[in-house]
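Enquirer: Handing you a structure now.
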């Protein structure tokens, strides 16, 4: 799985695991808790226990779904044409099984970052089940299985293999694309300020949100540690230290560059949301090198992380000024960075059979695999969310009210594009942050035809005051 190029034919299954497997699983589980912390500190909701319950239930749903069918489909001994796996007996490599669990835990968590607090419980169950039982296991089999068609193919008479060491394509792109399509279907929302749970982005959330991001970073790094199979199929080398050093370099480059941009462009870094954005820049750096973190030199890590951080910074500002409800900047930090990560390896690497005259062929194959995976995920996600929307199962009851409220207010305003926010923001817009009074931070902006005062507030959002302050709080 972690090696797609030189393989030993007699790799024996490890039925007992090794310390790295324990470290990986422990850190990923802790990171899953970190996702809950950032949801509580970033996503405005009328009931924080809905967010907590959905996350806790999703963990169980994810594990049950993967073990029931996904494990066999991803790492089964028998491969049907490189498309799907099958096993007659439960004799899987336990290290790979744990790795598969970790893939699903991280992927489902990143989907929930887009959708948490807004979707119906049935939608959460359906999306998680489909993702962990079919979508991600198929990608694992195509890319990481010895007989996977993306992993073992011939293009223009050259042996080609997609490079995706730590899941830029399998985990990060697949989950963020599904989440992005999900919030596109969910559309606008308007919340009443008085309806917000006082613990949602509450006074004690600043520290816990930062801790949550640190746990997520630790989980991403632990997830990329080499498996026993990976090391057994390669010449002896200090792979673990190489991977750890590369991750730390990318993390520092991402955080440092985003911090400098805020310092020199906006001359403002000492606020809750900007500190979070700096940490998100570090995550963007780590994700951007995931596909080849085992093979990059430190200079290549810096180069890729810098490109990802620059893209993250400007894309996050762009999304900041749209109606997309991306509370944790996952579109910029995960989706955009995973695209960079998918395409960088064959362009930068000279090892892993990427050098020589066949380099263009490897770049072409990487792009073909990226395009196929992207198209399949986008088509499935679009059909799924359209069906859920038609069946009135997409939004929970409270979110349905928030969405209808936004549509009503929109009628009184000039025509807006699909992703154009209802009310523009500027440098004077108040930022809602932990410890700030949510109502007092709203200021009057203009009056609409209904005669109600219209206000604007929030780090990334619009709000209204009239019969109960209305807000489209955005982190």
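For all residues, glycine too, the Cβ spot is worked out from N, Cα and C.
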Enquirer: Match it up for me: which of 331-351, 394-414 does TrEMBL list as transmembrane segment?
Expert: 331-351
Enquirer: Can you give me the average pLDDT across the domain 'Ammonium transporter AmtB-like' (24-402), rounded to a whole number?
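Expert: Summarising the domain 'Ammonium transporter AmtB-like' (24-402) by its mean pLDDT gives 91.
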Enquirer: Going through 122-145, 165-186, 207-227, 272-291, 331-351 one by one, which has the most CB pairs that fall under 8 Å from the transmembrane segment (96-115)?
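Expert: Comparing 122-145, 165-186, 207-227, 272-291, 331-351: 165-186 has the most Cβ pairs near the transmembrane segment (96-115).
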Enquirer: What stretch in 52-76, 122-145, 207-227, 272-291, 363-388 has the biggest tally of Cβ pairs under 8 Å against the transmembrane segment (331-351)?
Expert: 272-291
